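Participant: Let me give you the structure first, and then I'll get to my questions.
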C-alpha cells in the first residue's frame, strides 16, 4: 500500500481546521479480491460530453466532503479518470441500496435499544445482533455519501446516540456496544458537518465524557482520544474542560481529573500491562495543558498543571517509566519538559532559577517582598489579618471559606482583560475587570445611586400622574364613543320610524279614500234615483239621518303598528279586501298539504342481526315543521356499503384485528387581606367598631386620597378618575350607618381628636344622599363593563340558533345517522322518520363487533370523509356553538334584570337630586342626565337583541322537534357541542390508528429488506473498512496517540533546555534542572 504523503510536522497537516501549503497526493490502491477502491475496468456506459461530466463529477465530489486542496486535485484529473471514478462510486451506491442505506433505519434501531429497560441480561445472539447494528452504523457514517450523513444529522441522529449513551444499563456500558457507539461519534466527527454538529450540541461532549466511568478499556481509550482531539479544534478546549467538570459531578469525584490519575496509577489486574490506556491518558493531559489558552498563557498552564500535581501525577509518571514504551515515554518527556520550561520562566519573574511551590514560607516571602513598597501592601496585610480571623473548626464547613477564597484568586489570575475565562468559571458572573472598575469608582457610584433614587421617586410620581390622566382620558373617550354610537343608532331608528310613519300615513289615507268611495256607492245604491254606480258623486252631507258611514279610522298606534280594521259594512255591500298577513307570519309553501302525509319507507334489511343504535325516535305527530320533513334517508342506502356496515357491527361476529382507515373558566378572584392591624394614638377619639375602623383605615391607605379629595370626587361624579371601580366597591362597604352618624354627631365638636376612620365617616355623612350617590357612581362605572359581558352571551344564542337552523352539513349528517339507525334497528326502534338530537351523543355507545376500539361514531366519520366530504365543514358552520352552550338563560335574565333595576335606581336618584337646591361643585345632575340618556338607549338595544335571540332560539328548537319551553340554551347547544367534541376526538383517534398501521408496515418492510441483505451487507462493510482511508479526525487521533502532535514543541523544549543548561554552567548559581517530584 502506498503511504500517504505528509506535508510537514506538527498538527498542521492533519486537520482541515489547520491548513498547509502542500498539495495532497492522491493514490489509487488496488486489492487482490474483487472489492477495491477504484476499479480499473472500463465503464459500461459511454462517457458523456466534458461539460456534462464536470457537472456530474462536481456533485460526486460534494458528496465526498473533501477539503479544498483535495477538491482541486480531484478536478485536475483527466476526463477518463473522472468518468471511471464516477461510475465506480455510482455502482457502489446502487449495490448499497436497501434498508441499511436509510438513516431512518438506524435511528429506529437506536431508539428501540435505548427504550428497552430490562433487568435480564441480553442473550448472546441478541447482544451480537445489536453490536452488529451499531457497527454497521459506524461503517455507514464513514463510507456512505455526504447526503447520508446530512440526513442522519437532520433526523437528530446524534441525539439518539447520546440518549442511548445516557440511558444504557451497566451490562451494556461494559459491552462492545458502548465502544461501537463512541466509534459512531468518532466517525461522525470525521465529517466536517458532523464535527460541527457534535461541537455545537449542548450536551455531546459532556455525555462523551460520562463514558469514562466504564471499566471497558477500549471504550476509555476511544473517549480520551476524542476529547484530546477536540482540544485541538478551535473552541473545543474549553468544552473539554467543562466536560471534565461535568464528569466530576457525574462520578462524584472529590476534584476534577481524579479518575484519570487513578486509572493512570493502576497497575493491577487488567491495568497491569495496559499501556494503550496510560498512553491515551498522558496524550489527553498534554493536549489539555498545551492547547487552548495554554498555547499563549503561562499562568493558565501553571494553574491547570497544579491541579494534576495536587493529585500526585509526578510520582505516577516516575512509575510509568518502567514500562519502557517509546510512545508512552514520548508523552512523559513532553509533560516534564514543558513543566520545567514553564517553572523556569515563572521563576524569572522573581529573578530566581526555581521556586519551591511546596514551601509555604518561600512563597509567602516572595509575595511579601514583591508588595512591601507598593500601594497594595496595606491590602496584603489586611488579607493576612482577616485570614487569621477566619473561623476554623475541624468538623465544620470552614474549608468552604478557603475554597471560595481559592477560587476567587484563581479566577483573578486566569481571567483575561476582556473578562473571559479560559477555564470553566467556578464563580458565575464574576468579572474581575468590572469589579475593579466598581471599586475604583465606589464614591462616584454612591453619588449616582442617590441621584438615581431621587430620579426614581420623581419618575414614580410622574408615572402616577400620567396613569391618572390616561384613565381620565380613556373614560372620556369611552363616554364619547358610547354617545356617538347611541346618537347614530338613535338617528337610524328615527329615520326608520319616520319612513314607517310616512308609509302608514299613506296607507291610512288610501284606506280612508277607499272607505269614502265605498260609503258613497252604498248610499247612492240605497237612494232611488241616485247616481248610478261609477258616476261621480258629490260630497256627503255631514248630518244624514241613519247614515251608514262608518266612523273614521283611528290614528296609527305608536311603534308603527297598524290600526285595527274598520267595522264590517252593512249587508249588501261589497266585501272588504283581505287584509295583509300579520307581520312576521310565515306563509305556507305553495301546494303544501294541510296535514303531513308520511309515505312508507323502503329500508333494506340486513341478512344477520346487528347491534342496535340506542336512539330516541321522534313521534310522527311532531314531525310537521321540523328539519325531518326535509330529510330523505333512503338516498343514503344507495351510497353506503351495507355489507361493510353489517360486517363491522354484526351482533355475533368474532373479534379480530381491525383498522378503520379514517381521521379521527373559572375566574380567580382577589381577596382583600383583612388581617392587618394598626394602633391608634393614645389621644385619638374613636366611636366606630374597632374591626370596622381598622378595615376602613386599610382602604383609605390604599386610596391615597384625602377626605376632601374623596368628597370632591363623589360630588363631581369622579370626572378626574380618582376612584377606581374596585375602590368604589370597597367604599360601599363603609357607608356610615345611622348609629354611626348619631355617635359621630354627638362628638362633632371634637373633630380634631377624631381617628382617621371616624373623621372620614363623619365627613362622608355630611354629603346629601351619600350612599345613593356612591351607588349611582359605581353603577355608572360598571355599566359599560356589564353590558359588554351580556352582549356576547346574547349574540352567542342568536348566532348559534341561526347556525343550527341553516347548516347544510348538519342536515346531511342527520340524514346519514337516520339511515344508520333505520338499517341497524328493528321493530319499534326502527322505521323512524326522525330522532331526538340528544341521540347524537349515543352514537359512540355502539361498539364494533370485531374491534372494541371502533365505535359507530368512528365508522360514521369514515363514511362521511369518503362519501360526504361537504359534511367535514360542520365545525366551521357551527363555530359559535361552544360559546352558546355556556349561556345559562336564567342567569342571563338575572343579569338583565339587575341592569334594569340599577338603571331605575339611578333615574330615581336623578329625580331626587333635581328637586334639591344645587350645591357648589355638585355635578351629579348634569353627568347622570347625560349618562341616563346613553345608558337607556344601550340597555334598550340589549333588550331588543335578547328578544330577537329568544325568538330565533325558539324557532331552532322547534326545527329539531323539541319543545321550546322545556329545553334551555345551555342544554340544547350543549348537545351539539358535546357531539362536535366527540367527532373531533374520533377523527384524531382514526388518524392515530392509521399512522400506527403505516408505521408497523414500514418497520416490517425495513426489517424484511434488512434480513434479505444482511449477508451482502457484511461483505460490503468488510470491503469498505479495508478500502477506505481514515478520515481527518482519525488522523488527528492517530497523531495524538503516537505523540507526533507534540514533536515540534518537544524539539523546541529540548533545544531550550540545552541552551539553559549551558547558561547555568557558566553561572555562579549551580542548580541542576531535574524532574520535580510533587
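Including glycine, each Cβ sits where the backbone N, Cα and C put it.
Straight out of Swiss-Prot:
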type	residues	note
DOMAIN	45-420	domain 'GBD/FH3'
COILED	437-526	coiled coil
REGION	456-480	region 'Disordered'
REGION	524-585	region 'Disordered'
DOMAIN	528-599	domain 'FH1'
DOMAIN	600-1009	domain 'FH2'
REGION	693-702	region 'Actin-binding'
REGION	987-1034	region 'Disordered'
COMPBIAS	987-1027	compositional bias 'Basic and acidic residues'
DOMAIN	1027-1058	domain 'DAD'
REGION	1055-1078	region 'Disordered'
COMPBIAS	1067-1078	compositional bias 'Basic and acidic residues'
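Mind running through what each feature is packed against?
Facilitator: Mean pLDDT for the coiled coil (437-526) in this predicted model: 78.
Within the chain carrying the region 'Disordered' (456-480), a Cβ under 8 angstroms from the stretch's Cβ atoms is held by residues 719-722, 724, 784, 934, all 6 or more beyond its ends.
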Participant: With DSSP, how much of the region 'Disordered' (456-480) is helix, how much strand and how much coil, in residues?
Facilitator: 25 helix, 0 strand, 0 coil
Participant: For the region 'Actin-binding' (693-702), jot down how many residues DSSP puts in helix, in strand and in coil.
Facilitator: 10 helix, 0 strand, 0 coil
